[in-house]
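> One structure, as structure tokens, below. Some questions next.
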């Protein structure tokens, strides 16, 4: 963004954080003080029928405060970062035009990165390249492809799990098609004529001062999901002929582990432990993304008054009192 555009840009507050950091509570608390509308930055919340395992805001919460980009895609379909970016920019403009305040809230850092920095004309998916990578993975395993990625794009590999097949494949595909690492392409600044050029995104990040506290929350939340009927939710999805574990929706944390349990591949205790471990790994990757944002305003999500602190930080951003 040029200095001229930066001076005239409209500030957009963003509430980011890992799983179980208290984003929903803080967003709803802010909504009690200001006329906000929440734009979800969460790749799992877009899917219909996936409510318990994604910790989707309740009907009452969504009735009290307008939420956007939730329940917009069938689990059999894909939803890309490019689609999110276009939808989010449109919604930010529409919400502001109504005289209300948009609040971006979520934990899908790739979406946030795409929104704020653009996609820089990343190439479209190439079926032939993907088929080759799938064959390589079938022969060598995704950890081997992750190691390959680390050799050409260490920054991207560092934030991906060795079995994150979808993102490893995409990062390798981008490199094979462009000859450039995805991290370099994403780091390029957006053009001044980009739709986001008139916006200044300011992230407030909920981060743990004590990792063990967040881990305990993750375990408690996963157990609460199980008690709320998560296995039944996955069983309903599993009965659909058009859903399978290769889909992005079924790669969401917890869903794969529950599906494998229903397939008889693991017992209940192992499923629970794997679900909690996968969530902790997701949290680790989310924090890696956040800590690469020097402009963020950090709020300790482990503090007893974390919600109050987060609301105060967001109000400072919206009132123009946050650091430039």
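From the backbone N, Cα and C atoms, a Cβ is placed for every residue, glycine too.
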> Looking at 42-45, 46-49, 50-53, I want to know which stretch Swiss-Prot calls region 'Interaction with substrate tRNA'.
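Per Swiss-Prot, the stretch marked region 'Interaction with substrate tRNA' is 42-45.
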> Which is it, of 239-244, 245-250, 251-256, that Swiss-Prot names as region 'Interaction with substrate tRNA'?
251-256
> Looking at the ranges 161-165, 166-170, 171-175, 176-180, which is given as region 'Interaction with substrate tRNA' in Swiss-Prot?
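Based on what Swiss-Prot states, region 'Interaction with substrate tRNA' spans 166-170.
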> For the recorded substrate site, enumerate neighbouring residues of the same chain (Cβ within 8 Å of the Cβ centroid of 19, 20, 21, 22, 23, 24, site residues themselves excluded), in sequence order.
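Leaving out the recorded residues gives 17, 18, 25, 107, 206, 217, 301.
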> How would DSSP class residue 108 (site 'Interaction with substrate tRNA') in three states?
coil
> Other than its own, how many Cβ atoms are within 10 Å of the Cβ belonging to residue 19 (ATP binding site)?
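The answer is 20.
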> Are there residues of the same chain, six or more positions away from residue 18 (ATP binding site), whose CB falls under 8 angstroms from its CB, and which are they?
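For residue 18 (ATP binding site), the qualifying residues are 107, 206, 207, 208, 214, 282, 283, 286, 287, 290.
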